[in-house]
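Right, one structure below, let's go through it.
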Amino acid sequence: KENLNFAYGYPNTSAIGIAVDEYAAAVAERSDGEIDIKGFAMSLLSLPETSPGVRDGLADVGFVLTPYYAAEYSTNLFLHEMNLLINLAENPTGKEPLAFTGAMLEYTFNDCPECMAEFKAQNQVYTGGGVTPLYNLLCKDVKITSVEELKGKRLRAGGAGFVRFAEQFGAQGVRLPVNEVYEALDQGILDCAMLSAPELTNYNLHEVVTDITLGVPGGAFAGVASANINADRWKAMSTEDRQTLLWGGSNITAGVTWGFYEDDAKAIQNAKDKGINIFQPEPELTTAVKEFVNQDLETVSALFKETYGVDRAAEIAADFPALLEKWYGLVADIENKEQLQQLYWDQVISKVDAATYGQ
Amino acid sequence: MKPIGKVISWINTGASGIAGILVLLMVAHVSADVAMRYVFEKPLDSTILYVSAFYMVAIAFLPLGLVEERNSHIAVELMVENFPDKLQAFLLFIATLITASVTAGVAVRTGQEALAKYLTGAYSIESGGKVITWPTYFFLPIGFGMMSLVSTWKVIALITGKESGLSGLVIEDPYFTKEEPNV
Amino acid sequence: MSDLEIAGLFIGALFFLILMRIPIGVSLIAVSFGGLWSMFNWNIAWGSLGIVPYNFANSWVLSSIPAFLLMGFICYHTRLTQGLFSAAQVWLSGLPGGLAIASVFGCAGFAAVTGSSVACSAAMGKIAVPEMMRNRYSAELATGTVAAAGTIGALIPPSILMILYGIIARQSVSQLFLGGLVVGVITLLAYVLLIIVRVKLNPNLAPPVEGNKASRSEKIKALGQTWPVLLIVIGVFAGLFGGAFTPTEAGAIGALLSMMVAALYRTLTFKAVRMALVETITTTAALLIIAVGASLLTRFLALSGIGDALSSSILAFGVSPVLIMFGVVLVYLVLGMMLEPVGAMLLTLPIVMPLVEETGYSLLWFGVVLVKLLEIGMITPPMGMNVFVIKGVVGNMASLTTIFRGVFWFVVVDLVIVAMLIAFPDIVLFLPNWAG
Ligand code: NA
Ligand code: NA
């Protein structure tokens with residue numbers, strides 16, 4: 001019997017906490033109670049501690065965010081940086097994050113030996129991913145729908161790419177931890193925060209936000225390894241248990257991604273009900289965002305090749321869009337988490353050989 | 001004995017000097033960021049990274065040796081102060097010994113981690129490009145190492161009965177003129 | 001042995017080490033390490049030492065602590081604080097314990113600027129305690145007052161703890177702030193009342209200071225001497241509420257302002273700055289090694305499964321909501337003895353929140369009561385971060401034991417307040433309900 005501790009740096013009530021609970025239940029059921037997973041919300045390891053914590057065995061499984069360790073996970077991070085491609089979707093349906101998750105999962109497992117090597121070097125076995133919904137502008141007392149209105153605004157930027165975005169449009173990219181966004185918006189230190197809609201509820205931002213512009217700056221957060229398992233524990237398990245945990249990987253990947261996807265719709269509806277103004281960007285802004293994306297993807301490729309040591313950056317950047325297109329087709333008819341899990345399992349994870357994977 | 005104690009004090013003064021300067025720099029850096037953002041609408045790059053990884057880690061750990069040297073680590077005297085002098089002296093010896101070994105362990109472990117970070121060349125991706133962060137990991141082995149060195153030296157001084165030669169920076173108070181020696 | 005028994009054993013060892021005068025930070029690290037080793041294996045224990053210290057100190061929010069400390073030390077070493085307390089002497093000398101009362105109000109003022117009670121104690125400690133001691137206040141009253149009054153820092157908004165609770169429990173932060181404001185003000189008034197009563201009963205605690213019969217013109221003249229500190233405080237307030245900077249950044253701005261005002265006051269010497277810096281870094285390092293140790297202990301306790309044990313022991317108190325709340329309060333008082341507040345909150349909320357919902361008390365109400373409870377933990381022995389701050393700030397003027405003795409009556413008053421909040425939840429809820 002395997003008892004595994006699962007550490008994740010989010011509240012147990014969050015989409016991630018719920019996904020972890022469902023993962024634990026699903027794995028327990030499929031293994032007939034042979035694998036018992038216990039979730040630890042925030043108390044065992046904080047977000048930046050999760051990767052080294054799983055490496056050293058403080059937790060057996062962890063929700064790892066790769067951007068905290070850029071040097072260790074540079075190739076994985078480069079895949080995450082491809083998220084801007086979402087903005088270029090010809091006919092956006094809102095399901096782009098579901099597709100991006102699939103594409104990233106497939107590329108990581110099948111076409112990215114560097115990614116596997118990076119996890120291995122951290123004594124971890126990758127079993128699943130996950131992607132957030134699109135980033136929007138969550139603003140207080142400011143309406144931004146045109147390129148002109150972006151000028152001079154103070155925007156919370158979570159990462160380097162968002163700072164480039166802000167600068168491109170003559171705005172300021174302010175780096176602030178997401179915990180401080182509430183106060184900063186309330187006091188007027190920020191005009192807007194670039195965040196996905198579920199953060200309105202997660203961080204109570206709906207109390208201060210008055211105006212939302214959807215799909216600007218776009219993109220999503222994909223630097224997620226949602227169930228990395230300590231490699232020593234993994235190697236000591238039976239092939240059968242590993243098989244079950246790989247299947248669990250498809251469960252948590254779908255759980256996280258679908259949870260966010262649903263939360264996104266709920267959060268936007270909830271915002272409407274609360275009287276928050278919801279705007280679509282004007283076409284010229286959408287076009288300008290797409291232009292930025294094309295330009296930034298090149299910047300990012302060059303940067304990762306030259307500065308961050310991802311030799312295959314150009315090749316990955318060339319391969320990825322076609323894969324994503326394929327996944328846009330695959331997710332088109334997905335209507336619930338179960339279907340999504342089945343898709344990830346059938347298309348990708350079921351093909352992984354539990355006997356040899358992660359050895 | 002004394003020359004070695006002096007060298008230890010000298011290193012501690014150096015490490016704390018750096019930490020002190022970093023406090024000033026941190027205050028200046030944050031204030032400059034606020035001014036640039038609020039007044040000139042052009043915030044500085046990566047302030048949060050610099051403050052948390054560079055300033056805070058250094059300020060938290062570099063002075064540990066000096067704190068030990070000045071006997072300023074916080075401990076509860078509640079029970080011990082009523083014990084007979086001989087027992088108190090014995091307990092002081094034990095406490096110093098435990099401090100020396102525990103901090104030595106932490107110094108070795110954080111040193112391993114720092115070495116690993118150096119070998120991978122740890123950095124953070126910021127909008128201005130790559131900011132090297134591996135050096136910040138070395139503040140820990142230095143701080144804990146100095147704390148361990150000071151307490152080891154105290155243990156040796158207690159065993160041999162000789163003066164340690166550790167000085168500790170004396171704080172002059174503008175109101176109260178005389179500082180009582182600690183412990 | 002079960003994990004829980006191991007946890008109990010090592011907690012016992014922790015108390016023993018601390019009482020044997022082993023430095024608290026070292027005790028916490030040693031016990032957490034030993035605990036993880038015996039419960040799991042060497043690799044996990046050894047690994048934790050490499051992960052937790054760096055990631056704990058690598059924190060943007062914590063940076064306000066050295067910054068506010070520097071502000072307090074600069075104000076002290078450049079003698080900016082003199083005028084403020086001479087004025088308090090002249091104006092409040094009629095009241096028993098006037099300076100102590102002035103310190104409580106000072107802390108409440110700073111509470112509106114900073115989000116944590118450690119930062120609050122840090123800012124006020126060096127300003128208020130030496131002034132009280134110079135006026136022959138008992139060390140107990142002087143240090144205890146400021147350590148306890150610092151706890152108002154997390155009750156009166158802004159408050160890091162309430163923001164964190166709001167995120168975890170999905171409660172409105174602004175409503176939590178309103179509830180906290182009420183409890184903060186109640187605490188403030190109760191502390192003032194306590195000081196008056198104690199000094200009335202025992203005038204030796206705070207001998208009346210000269211200047212009892214100051215004339216009106218002397219009183220106004222004394223006010224004129226308060227400008228340096230007032231300038232700093234007003235500057236920080238204006239910037240915070242004017243949208244110039246966040247509560248975290250306020251510390252740095254306050255430190256910079258204090259140096260600028262000292263330069264205006266012509267007391268900003270190289271020596272004063274150097275002394276202030278040495279005190280800032282040694283106090284910060286002495287506090288953070290304890291916080292790091294407490295953070296390690298949280299991991300050990302989390303893995304020991306103490307959470308499930310807590311919820312079953314709380315439920316054992318019976319089914320009556322008031323009794324369950326009584327159990328919750330007890331648990332937090334015990335945890336507050338050992339853990340730092342964020343750790344205690346992260347460890348317990350997933351277990352305690354469902355219990356609270358079962359009792360019918362609202363999670364909004366509980367958030368405010370929880371912060372109050374965690375803040376009581378900041379001043380209870382053996383781990384009382386606020387007390388440690390004051391100890392760091394006053395150096396050898398008072399022993400830790402003295403300070404803990406000094407906070408005793410404040411803790412008693414706090415418990416009365418908590419009992420009131422449980423008996424009359426509307427005290428917390430009326431303002432949020434009325435506003436929302
Ligand atoms: Na506050
Ligand atoms: Na305590």
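First residue shown is number 1, and so on along the chain.
Cβ atoms here come from the backbone N, Cα and C positions, even for glycine.
Note that TrEMBL annotation is computational and uncurated.
According to TrEMBL, the domain 'TRAP C4-dicarboxylate transport system permease DctM subunit' annotation covers C:12-426. According to TrEMBL, the transmembrane segment annotation covers C:7-37, C:57-76, C:108-129, C:141-168, C:174-197, C:226-245, C:251-268, C:280-302, C:314-335, C:347-370, C:376-394, C:406-431.
By the count of Cβ pairs under 8 Å, the stretch nearest in packing to the transmembrane segment (C:7-37) among C:57-76, C:141-168, C:251-268, C:314-335, C:376-394 is C:376-394. Within its own chain, the transmembrane segment (C:108-129) is flanked in space by residues 61, 64-65, 68-69, 71-73, 75-76, 81, 84-85, 99, 102, 142-143, 145-147, 149-161, 163, 184-185, 188, 229, 233, 236-237, 240, 247-248, 250-251, 254, 279, 283, 287, 375, 378, 385-386, 389-390, 393-394, 397-398, which lie at least six positions past its ends and keep a Cβ under 8 Å from the stretch. Fewer than three CB pairs closer than 8 A are found between the transmembrane segment (C:280-302) and the transmembrane segment (C:174-197), and contact between the two stretches is not assigned (pairs 6 or more residues apart).
The transmembrane segment (C:376-394) makes no contact with the transmembrane segment (C:174-197), as judged by fewer than three Cβ pairs under 8 Å among residues 6 or more apart in sequence.
If one looks beyond the transmembrane segment (C:347-370) by at least 6 residues along the same chain, the residues whose Cβ comes under 8 Å of a Cβ in the stretch are 155, 162, 165-166, 168-172, 175-176, 179-180, 182-183, 298, 301-302, 306-308, 310-311, 314-315, 321, 324-325, 328, 331-332, 335, 339, 418, 421-422, 425, 428-429, 432. Counting Cβ pairs closer than 8 Å and at least 6 residues apart in sequence, the transmembrane segment (C:57-76) and the transmembrane segment (C:251-268) reach three or more and so form a contact. Highest Cβ contact count with the transmembrane segment (C:174-197) among the listed stretches C:251-268, C:314-335, C:406-431 falls to C:406-431 (criterion: pairs under 8 Å).
Counting only same-chain residues 6+ beyond the ends of the transmembrane segment (C:314-335), those with a CB under 8 A from a CB of the stretch are 344, 347-348, 352, 355-356, 358-361, 370, 373-374, 376-377, 380, 418, 422-423. Proximity of distant same-chain residues to the transmembrane segment (C:406-431), defined by a Cβ-Cβ separation under 8 Å and at least 6 residues beyond the stretch ends, is recorded for 139-145, 147-148, 151, 178-179, 181-183, 186-187, 190-191, 194, 198, 322, 325-326, 329, 361-362, 364-365, 368-369, 372-373, 375-376, 379-380, 384, 387.
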